[in-house]
Amino acid sequence: AKMAAAASDLLTGWCLFGLALLAILIFCWIYVRKYQSRRESEVISTITAIFALAVALITSALLPVDIFLVSYMKNPNGTFKVWADANVSRQIEDTVLYGYYTLYSIILFCVFLWIPFVYFYYEEKEEDDGNTCSQVKTALKYTLGFITVCAVLLLIGAFVPLDIPNKKNSTEWEKVKLLFEEFGSSHGLTALSFSISSLTVIGMLAAITYTAYGMSALPLNLIKGTTSAAYERLENTEDIEEVEQHLLRIKSKCRDGRPLSSRDRRALKQLEERLRTLRRRERHLESIEKSWWTKFCEAIRPLKIVWGVFFIIVALLFTVSLFLSNLDKALHSAGFDSGFIILGTNLTNPLNMLLPVLQRVFPLDYILITTIVMYFIFTSMAGIRNMGIWFFWIRLYKIRRGKTQPQALLFLCMILLLIVLHTSYMIYSLAPQYVMYGSQKYLVQVRSIVGTYSQLGDIFRSLLYVSILFLFTLDQCIVTRTYLFLHKFWFFSAAYYFGNWAFIAVFLIGLIVSCCKGKKSVIEGEVDDDDSDLSDDELSLYYH
């Protein structure tokens, strides 16, 4: 009966996973269709963006599933459940590990092959509307560079030994043989881990740039709201009248047949461009003022404020926990050479305190960890949307509703894929023991030993008890598969440590900037001087 109940629970879990997968695909389709340009949309770029975004969200959702599975195999008293024998637990571990293998391999495929190929193919299609075969060849030529980088990372990860032998008299053949033996024993895990860790460092830089700012900008934008469309329209009308008066004054200078000076001609051209922009703003504001979506947003304004307050609380919880975790590593780790890795926690952070309390009521701890992961992803989306896509000081693309170029969507999805890779390490930094073991308990059969030393001091007995507990934890608890991909290489761990400090600094700067900024315009970023008049039709289609 217990095994049947367990099978029923697992079947229910898989059904919920299928529904979650369907919900992710629907969300990705809506999100991509919401921002992509109607005039420049292509089937291949749309499918690629939806697929890449779905892979990013599914990969981020695998961490809570991994933690749940290792926790579900044990009872609250620390014993394994009847159905969770050695073979079944090994099968579950292997299934999750293969899931990570599959998703991480898909991410490598998307980042190094599929997305670059589609991007360069579309670039060639814009420049040359000629033969499709030549466009494919040119795209493959540029993509070959990405494939070469991926191959180099895999080779380095596969054949660079983690444990260097101490034998000084070993031959070169023995060293090569050792490399192949390590590669075979790891089943490619080290090669994949090195490649993923290399991409995670890039994802760390993207998280510092976009996620840290999005964590401050998204909640405050929800709390402050946007300016009224009617008020903006009134101000825009006044600006139009002022520009028209300037134009009339300049044009009046040439009524008697005299030519305008070069300075007046430049001013006239600038004013005409300004007038076209203001008239586009007028049409957009009119569309927004009459749309049902604006009326709906005004009706749920109190709910937006509540969500904004909730998000800023989560952001502060996240940042304070990350600060205390990094401070713990700075004070108690072995330093740079060890990657600032510590066993256990010496400084308790709010998240580490909250998770054990929530473990008492199923499934509150999983809801919290899932909320943090999803919040990390959605604030990344918000940061990319607000800032656009930059290469150092050069702004490459803007993310705008109904007017985003296909190349920009491909860049957005690639950045999100990289940020998702960094998410697992960020969560591990916040709650290392929870990410490794979940809510597992373990049996301690050493009461007689501790009782033998009852006459000794409390400090000695506590140290003895903790030491024995640690040994029993290693033996009785099952580690998550996520941990296997973390801390394989100490230099990556050191990079993540310094990246966490940079993340905290950028978040605080973004929080100050977001607090000082006023309300956003209701058409923020949707009307630019370089837009064509055809873009007005796209926005009208979006709102109506």
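Glycine is treated like the rest: Cβ placed from N, Cα and C.
Annotated features in TrEMBL:
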COILED    261-288  coiled coil
TRANSMEM  12-32  transmembrane segment
TRANSMEM  44-65  transmembrane segment
TRANSMEM  98-122  transmembrane segment
TRANSMEM  142-162  transmembrane segment
TRANSMEM  189-213  transmembrane segment
TRANSMEM  305-324  transmembrane segment
TRANSMEM  366-396  transmembrane segment
TRANSMEM  408-428  transmembrane segment
TRANSMEM  459-478  transmembrane segment
TRANSMEM  490-513  transmembrane segment
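Here the transmembrane segment (408-428) has Cβ contacts under 8 Å with residues 32, 35-36, 45-46, 48-49, 52-53, 55-57, 59-60, 63, 107, 110-111, 115, 118-119, 122, 196, 199-200, 202-204, 206-207, 210-211, 322, 369, 372-373, 376-377, 380-381, 384, 389, 396-399, 435-436, 482-483, 485-486, 496, 500, 503 of the same chain, all six or more residues outside its ends. As a quick check, the transmembrane segment (490-513) and the transmembrane segment (98-122) miss the bar of 3 or more Cβ pairs under 8 A, pairs 6 or more apart, so the two do not touch. Sequence-distant contacts of the transmembrane segment (305-324) (same chain, six or more residues past either end, CB-CB distance under 8 Å): 215-216, 218-223, 225, 347-352, 354, 371-372, 375, 379, 426, 429-431, 500, 503-504, 507-508. For the transmembrane segment (189-213), same-chain residues at least 6 beyond its ends with a Cβ under 8 Å from one of its own Cβ atoms are 101, 104-105, 107-108, 111, 150, 153-158, 160, 162, 182-183, 376, 379-380, 383-384, 386-387, 390, 415, 417-422, 425-426, 484-485, 488-489, 492, 495-496, 499, 502-504, 506-507, 510. Panel annotation: around the transmembrane segment (98-122), residues 42, 44-45, 48, 51-52, 55, 58-59, 62, 135-136, 138-140, 142-143, 146-147, 149-150, 192, 195-196, 199, 406-407, 410-411, 413-414, 417-418, 420-421, 481-482, 485 of the same chain, lying at least six beyond its termini, place a Cβ under 8 Å from a Cβ of the stretch. Confidence for the coiled coil (261-288), expressed as mean pLDDT, is 83.
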